[in-house]
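Each remark here refers to the structure printed beneath this line.
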């Protein structure tokens, strides 16, 4: 079965993609009749060297994303993963020559089709009297034994675009640029790893991996790598990649040693999430710096993809100060990142967090017995929530992502760990404030924020008094904060329904002579009834509000959890 793609047609996808980029970038133009994109200010390049690159489509933003002042003059695109036509390459060479450039450098990745087609176009152009040179980039560090075909051209080619572009912008001649680029190309290496394959439009995936396998050392056309490894953590995979890339017994290694200064590229092969990309980047920085390698620049993003392949490649380029100046030189290419021209190694990455304000001594603290009772209450709440984890998750699957029980269990475990550190504060205000901070940090999700809001607001009335009227006022304050920021109201099928129902009963605490347990018992029963009633409500807030009410046949999990917490508190106080 072929994979789904958002294309107009398989045959026209490369043309449409290039046309879309040009349509959205006024600095680019298409060469009529060819799949060629050129700088729209070609005439400004008179007397300078032109830089042309390209290859198969499917590697976006390479190659057209790197056209601009300080980088490429133009690119020639083939069909997906297919070398461009000789006629189009020759047409691009003629176009830049007619604009008055003094020569053209072809930057070609080391693949047979690209070498042949660009090479043939070069020979034809030279026969017409046009000065053309060609550099073939092979930066693949996967193969321990070099084959006759040489190293494949991978993401490191983009760094060559940048270096050559800076030299051309500075007015350096064709022969000198060619010479210097060839030297730079030998000082870098790239290695890729992927969680699964990609698929060319209209085709099936190019290879299959089992759930616990990762492909190491693959190319950018969906071709398999040098070996398959077991799935591991990001740190372990990055270490394995760097070990392989820098192993001196590896014929294609990059000669990085302790004390070396490098430009590091962390390249998304197309389908990796930004979350994972950041994790890989962090692992790479820590691993390289642990080897005493100085990271002069770090480029993280999508530079040369392989369609939707969920994987990454790491590129290391050995640099000195003159080479760094070329990397840092200005460019208008839209896909080149805006990177600070400073080394990331040795930079202070953390700022000391502000100190927590000193807590004033609370006159309402009443000693050890109150603290012990609060610990018992919290323990009962925790055991209750842990016991409800699967039930709450099941209720949540109907209207959410099925993690309500997991979220509440995370809060319960965090509270238990906190209780191990020592007895909780005897002061109710301090206790609620501590719990608020804990849940905001550890619980996560909207539930953590709502409970945090509730407890923060509820703590305020209890700073002065801890009488029953003050507890009722605390409930009122918590409910008001939840409604203000959560935008839910009673009847919206949320956790607020249970708490609101309990809060109405707790109003009785404001009357002289009110009985704590009698009123609390009524409040718990009202909360449980309100939780059960949510199954007949239409969701007006929260994630469930996006779900058709016809599909909501179970009570709201948040309301059930809130009622269960109140029940746990009551049971401890009754005992």
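Numbers here mean position along the shown chain, with the first residue as 1.
Every residue, even glycine, has its Cβ placed from backbone N, Cα and C.
Residues or ranges marked as domain 'DhaK' by TrEMBL: 9-336.
The feature substrate binding site is assigned by TrEMBL to 56, 57, 58, 59, 109, 114. In sequence order, 13, 14, 17, 18, 77, 78, 79, 80, 81, 82 constitute the residues six or more apart from residue 57 (substrate binding site) in its chain with CB-CB distances below 8 Å.
Within the same chain, residues at least six positions away from residue 221 (active site, tele-hemiaminal-histidine intermediate) with a Cβ under 8 Å of its Cβ are 56, 58, 81, 111, 206, 306. According to TrEMBL, the feature active site, tele-hemiaminal-histidine intermediate maps to 221.
Marked as domain 'DhaL' by TrEMBL: 372-571.
Excluding the listed site residues 56, 57, 58, 59, 109, 114, the same chain places 54, 55, 62, 63, 77, 78, 80, 81, 82, 83, 220, 221 with Cβ atoms within 8 Å of the centre of the substrate site Cβ atoms. Around residue 114 (substrate binding site), a 10 Å sphere centred on its CB holds 25 further CB atoms from the protein chains shown.
Residue 58 (substrate binding site) has a Cβ environment of 27 other Cβ atoms inside 10 Å. A 10 Å cutoff on Cβ-Cβ distances gives residue 109 (substrate binding site) a total of 31 other Cβ atoms nearby, all chains included.
Other C-beta atoms found within 10 angstroms of the C-beta of residue 59 (substrate binding site) number 29, with every protein chain shown included.
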